[in-house]
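Novice: Just dropping this structure here.
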Amino acid sequence: MEFLVEDLGLVPYGEAWAYQKRVHREVVAGNRPPTLLLLEHPRVITLGRKATGENLLFPESWYRENGFELYWVERGGDVTYHGPGQLVGYPIFPVGREVRRFLRQIEEAIVRVAAGYGISAYPTPGYAGVWVGEDKLCAIGVAVKEGVSFHGFALNVNTDLNDFTVIVPCGLKGKGVTSLEKLLGRKVPMEEAKARVVAAFAEVFGLRPVEGSVHEA
């Protein structure tokens, strides 16, 4: 079997969210194969199902006035940040009732990507995502509707980590964030990171990647 890979480039969050829903409907209907959307977002704060707003360090209006979009969404988890230099992946895959297994597979794929750079990263029991020590390298939060996933992961490649300081990331006080750039001491080409993520997903899910159609607004 195969999965479709669509590289969308830099896409505003609201536009990408709407496109996810469209792709989700097509996968549910059986009109397209499992699909992995890869993209970056302009600066945006998103709040998931567990969020109450207490982990926002400023009023919602402050974020919008200071160059951040802000969205309340249906993914799992609390509050997180997306921005340029961060590789966001939305795997829109049939998962049925195997949601925990699906989350573990995403984690394993990211662990393999990190290992390819010589980084020992791992899941931490009780916390979503992939970690290096006390710092989160990759956030994970999904939603499942009609047996098909959407939302996904956010891997810090060359992310400006200072932008995380305006929230309590994932609601985890005392935990930090990191990036491939910080860990390696150099910029990582985004196209290289994308290729490694696609290869890791192919290995973990046992699917063959096929380049998808060009995204149109």
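The backbone N, Cα and C atoms fix where each Cβ goes, glycine too.
Below, the features straight out of Swiss-Prot:
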- CYS170: active site, acyl-thioester intermediate (ACT_SITE)
- ARG75, GLY76, GLY77, ASP78, VAL79, THR80, TYR81, HIS82, ALA139, ILE140, GLY141, GLY152, PHE153, ALA154: substrate binding site (BINDING)
- 30-209: domain 'BPL/LPL catalytic' (DOMAIN)
- LYS136: site 'Lowers pKa of active site Cys' (SITE)
Novice: State the count of C-beta atoms found within 10 angstroms of the C-beta of ALA139 (substrate binding site), not counting that atom itself.
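Specialist: Other Cβ atoms found within 10 Å: 27.
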Novice: I need the most crowded of these binding-site residues: TYR81, PHE153. Count other C-beta atoms within 10 angstroms of each C-beta and give me the top one.
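Specialist: Going through TYR81, PHE153 one by one, the largest Cβ count within 10 Å is at TYR81.
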Novice: Here are the recorded positions: ARG75, LYS136. Which has the lowest count of other Cβ atoms within 10 Å?
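Specialist: It is ARG75 that, of the recorded positions ARG75, LYS136, has the fewest other Cβ atoms within 10 Å.
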Novice: Quick one: largest C-alpha distance among ARG75, GLY76, GLY77, ASP78, VAL79, THR80, TYR81, HIS82, ALA139, ILE140, GLY141, GLY152, PHE153, ALA154, binding substrate per the record, in angstrom?
Specialist: 15
Novice: Can you count the other CB atoms that lie within 10 A of the CB of VAL79 (substrate binding site)?
Specialist: 24
